[in-house]
Amino acid sequence: MKRQLTLWLPLAIFIGLATSFVLGLRKPDDRLVPSHMIGITVPGFALPAIGTDISGLSAADLATGKPHLVNFFASWCVPCAAEAPQLQALAAQGAPILGIALRDRPADMRAFIARYGNPYRKIGMDPDSRVQINFGGSGVPETFVVDGKGVIRYQKIGPIADSEVGDLLAALKTAS
Amino acid sequence: MIAEAGLAALWLGAALCALQLVAAVLSLSARVERSRDTFDTAPGGTSLDFARDERGLSGLIRPVAVAQAVLTALAFACLIAVFITVDLSVKLVVENDGVGRPLMYRFSGTWGNHEGSMLMWVSILAVGGAAVALIERRLEERTLIATLGGQAVIGLGFYAFLLFASNPFARLDPAAPAGQGLNPLLEDPGLAFHPPTLYIGYVGLSIAFSFAIGALVTRDVRPAFARAMRPWVLGAWIFLTIGITAGSYWAYYELGWGGWWFWDPVENASLMPWLAATALLHSVTVLATRDGLRAWTVMLAVVAFSMSMIGTFLVRSGILTSVHAFAVDPRRGSFLLALLILYIGGALALFALRVGTVREGSRFDVVSREGALVINNLLLSVILGIVLIGTLYPLVVEAFGDKISVGPPYFNATAGPLALLLLIVMAAGPMMRWRREQLGIIARRLIVPALVLIVALVAVKALHPAIGLWPLLGLAVAAGVGLASLAPLWGRNLRRTPLHTWGMVIAHFGIAVALAGMASDSAFTQERLVAARVGETMAIGPYRVTLANIAPDFGPGWTALNATLAVKRGAGAAYELHPLARTYWTQGTQTSETAIQTVLDGQLYTVLGASAGEGRWQVRLWWKPFVTLIWAGGALVAIGGVLSLLGRLLRERRNELRKAEVWA
Amino acid sequence: MKAKNQRLTLALLAVAAVIGAALLAMSALKDQAAYFYTPGDAVRDHLPPDKAIRLGGMVPKGSIQHFPDGVTIRFLVTDGQATVPVRYSGIVPALFREGSGVVADGRFDASGLFMADQILAKHDERYMPPQVAGAMHKTKSLK
């Protein structure tokens, strides 16, 4: 009988392991670097535009009394292209989206929005990631909800999935 | 068009895989029914039908396995073709390929991404299964059928994963104007061929796993089964050894830190299957030669494949290294996890249910070759457990809301001493006879190596009084064990020594060589970090290094500072080394390209840093005596494995021929 | 006595090995596992000098000083609760800068100065396809 029980021991150990895997998979966001800036006002900045038709972005554009989505992206970033349809969907539902292009060149950025559409009201060029660091961001793509006073309320790391469009709209709503 | 053909081939392959499973299950259950019939004389209606069809079904299984491999390999060939021709209407190509890239990287780009690498996994799996179906004639037919059935179960899971969660042939509509290209950082021959090497190792272990499942299903755990399994384990182990050795060298020259092993989760993910495979390799020998360790060998085969699956899962799901693993589709992690739970959980449950009914194998003395191999297995398992605990501990702790990280101090403090102990067992084991050995004889045989060990210990300590305890022990043990590992050749006619004995000796010697390299690196490495002006000379080890020039340089996607270091050793001729500090302008990343000079007694390792102001440049130099022995040892281990495999295969071939002669 | 006892010996050996390993792993984990510290943890736990740890936090603006030797820097690391000084000699990763996160491997000396052997950049602006992230993670998370 004892021997029978020990034979099940490997399975029991494995079940323990598998449980920790399941728990680990279920909350992956924890291991991403969260912004230290949630609840903090974005420091002042002013970023140039890619041309005359789409205006650049400055901290004043955030403190308008209404919440905004701020999306960090880049033309060299594949997942940014992958989240483009979700951003379009957000824009179509009235979400005001401001873009910050990281380490990018105006010509590349133009090609990118020509190809994947332009959901942005304004796009600022952040060639040396200064503003990204000020937001406490950690990579691209990354999307922040900033309330009407310029205070960061929510951070979404990585590309926006279809299922997360609703979350962002809700976060926008609670921020207003 | 090629992409559609590939996808069709993949679907057909999956269908055949399902057919393989059905055929295996039906023909096995038919046989069970029929054997019951002969006892009970109460045939059930349906089972009779199967019994009638039995020959057809079991005859079907080998050709199906082969056809499945052909189709899946065809699908993989289609993907390669799509990558080489840069078909920009295929999504995967757009994301990972580019027109202007060298042919080699277009080729290796095929598996340098998630979907392609999974397709490669399945192809290797199917080809392995076909090889079993074609070659294997020693096993009892039922066990073979059960093995191929097990292989089909594993295959089906991965087919489903590919077809439903990561279709490599998905089209992009409209087609893209240009490919994104791989990160230029990844255009490195080491990275191009490292993953396939590990995958072949993993898949080889999956075949060993299927053999174990087959043997459990039919309760046929006997030496014939071990002999059938052994070449697969050995082959897998050779590839894992090569993969780990090459991966370690890659990290060494690419990172520019002078280190060669960092104990991080991805490295551990490749080390754990190797440890399990090493243990399995030795226990399968006991089973093949002495019919001992039956249950243990089956267990190890399950554990070895579990470690490959867990390794793949940890890397692919980003569960441990996810700080920046963007765009990891959570579905993928879940899918892999589901497969892992299904296969490993199922196998362990089958083990618990069945292994109690496997008859006990033959017995042996504690002091005997079997005994030494058991201790080897215990130590390897303990090291494996320690690495596994250290790798997963942060994950477990995090489930309770705490954050912790386990670093090199843990692994070095625990695995290090055990590994030294393991090496001593490795030296003594091959000197023992099977079944029973007298302690006195072994002690006498160990006298010379032990003396060498002590002499080395004293000599090294006398020459380098400041040496640390572990490097000192490492060097001494390497000397003693290196000598002892050659002992099986002692007094033998070297020409008549079987190839697999040569293999064992060379592999064991390689381990000692690698240990010597590790100990020498940690004991004698000299390092200098200097902010140097052009024209300034630095002394390191036996070298004098002059910073002769700093010039701008550029290449595809990067600009760089290129340092010219004039290196002179003693009175020898001067030569130049060119470490680079690169900036990739497409992504704004900076990397250091090391420049390494390899000589017989070590390596000079140079890195260029940033400007230090006032016209000075940061230069980092290492003199690493005998560090190359680490990878030379790894290569010897792999060569030993190859010789051993060849020896076994040739001997079997000879035996078959002899048998044929007797019959003729 | 023979066969049965030998089997027993082996079984006992196995059990002893497993228990030994578990004890070894536990004690080592207890000593070494809390390898990652923030400055607040480090100050609160009164870390003994010369214990190898990994320190993580933010580098406050204006805290980086360059030494005249051209390869040594001194900077502060803070997590909002405590601030500790760090000294490092070596090649600094490109992503290391003021106002950003940092992770450093090293040990405290007796005076409470953290002597870093290695600096790892915590943040990474580079997109890395996840499939190669596995193989590349070192360059990725450490460089």
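If you go along the chain as it appears here, the first residue is 1 and each next one adds 1.
Just so you know, glycine gets a Cβ as well, placed from its N, Cα and C.
Remember, TrEMBL labels are computer predictions, not curated facts.
Annotation source TrEMBL lists domain 'Cytochrome c assembly protein' at B:111-317.
TrEMBL lists B:337-648 with the feature domain 'Cytochrome c-type biogenesis protein CcmF C-terminal'.
Here TrEMBL flags B:6-28 (among others) as transmembrane segment.
The transmembrane segment annotation in TrEMBL covers B:64-86 (among others).
The transmembrane segment feature in TrEMBL is assigned to B:118-135 (among others).
Same-chain neighbours of the transmembrane segment (B:144-165): 10-11, 13-14, 17-18, 20-21, 24-25, 27-28, 58, 61-62, 65, 68, 115, 118-119, 121-122, 125-126, 128-129, 132-133, 136, 206-207, 209-211, 213-215, 217-218, 329, 331-332, 335-336, 339, 342-343, counting only residues six or more beyond its ends whose CB sits under 8 Å from a CB of the stretch. TrEMBL lists B:144-165 (among others) with the feature transmembrane segment.
The transmembrane segment annotation in TrEMBL covers B:199-219 (among others).
According to TrEMBL, the feature transmembrane segment maps to B:295-315 (among others).
Within the same chain, residues 153-154, 157-158, 161, 165, 209, 212-213, 216-217, 298-299, 302, 305-306, 309-310, 312-313, 316-317 sit at least 6 positions outside the transmembrane segment (B:335-353) and bring their C-beta atoms closer than 8 Å to a C-beta of that stretch. The annotation transmembrane segment is assigned in TrEMBL to B:335-353 (among others).
Below 8 angstroms of C-beta separation, residues 263, 265, 268-269, 271-272, 275-276, 278-279, 282-283, 286, 293, 296, 300, 303, 307, 314, 319-320, 403-406, 410-411, 414-415, 418-419, 421-422, 425-426, 429 of the same chain, each at least six residues beyond the ends of the transmembrane segment (B:374-395), sit close to that stretch. Sequence annotations record features per position, and here TrEMBL assigns transmembrane segment to B:374-395 (among others).
Same-chain residues lying 6+ beyond the ends of the transmembrane segment (B:415-434) with a Cβ under 8 Å from its Cβ atoms: 289-290, 364, 367-373, 375-376, 379-380, 382-383, 386-387, 442, 445-446, 449, 470, 473-474, 477-478, 480-481, 484-485, 487-488, 504-505, 508, 511-512, 515. What TrEMBL lists as transmembrane segment is B:415-434 (among others).
The feature transmembrane segment is assigned by TrEMBL to B:446-463 (among others).
Sequence-distant contacts of the transmembrane segment (B:469-490) (same chain, at least 6 residues past either end, Cβ-Cβ under 8 Å): 416, 420, 423-424, 426-428, 430-431, 445-446, 448-450, 452-457, 460-461, 497, 501-502, 504-505, 508-509, 511-513, 515-516, 518-520, 522-523. What TrEMBL lists as transmembrane segment is B:469-490 (among others).
Proximity of distant same-chain residues to the transmembrane segment (B:629-650), defined by a Cβ-Cβ separation under 8 Å and at least 6 residues beyond the stretch ends, is recorded for 230-231, 234-235, 237-238, 241-242, 244-245, 248-249, 260, 498-518, 520-521. What TrEMBL records for B:629-650 (among others) is transmembrane segment.
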Stretch-averaged pLDDT - the domain 'Cytochrome c assembly protein' (B:111-317): 86
